[in-house]
């Protein structure tokens, strides 16, 4: 075989190898492109799904926001209507002053008049007074109490108008007691007919309190005026 023939054979072999290589690369490239196309379609599907979900979520949020606006508007209207009804009074009519008004099981105290002995009363206010009877003498065998409620951490001054009841060394018969947190403010019950000098010694101011309990009891004999106690917060 001549040298020229050898060269031709080598050229044919190279061409065939190149052709096979090109076919192999082309096949692989087609596969890569196909895989990329599939991946692109999948990515687009994911993006479309996320976009749809986000739009739905935003729509729901906007819907809930509108519902909340409507509900808050209704609540504001109801509150305004309630406040108007509470503050308005009928024209041409005078509201009668009362000593106490019962409401939902509580007693709301009118500060301008004393609260008299009658059962167990719950009073709210910053100024007022409690008294056994308005005039004359109290009855035998009665028991009553006043639960005085003030703003949080108030300073409360107590001033006695009079104490006039049956006397006893330990106040076992007729007595009045003032308590805070179940402890007697004066360390004991009060009784007897006390003069103004002693009453002044009993006048005091309590600090950082929001509640006091005043109790009265009489036995079966010796009725007198009882007591009158004024209170004021500041």
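Cβ from N, Cα, C; glycine included.
Heads up, TrEMBL stuff is auto-annotated, nobody curated it.
What you see is a predicted model, and the numbers here were worked out from it, not measured in a lab.
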### Task
Choose the correct range: of 47-78, 79-110, which one does TrEMBL annotate as coiled coil? Give that range.
47-78
### Site of maximum Cβ density within 10 Å, from disulfide-bonded residues 117, 144
117
### Query
Helix, strand or coil at residue 144 (disulfide bond), per DSSP?
strand
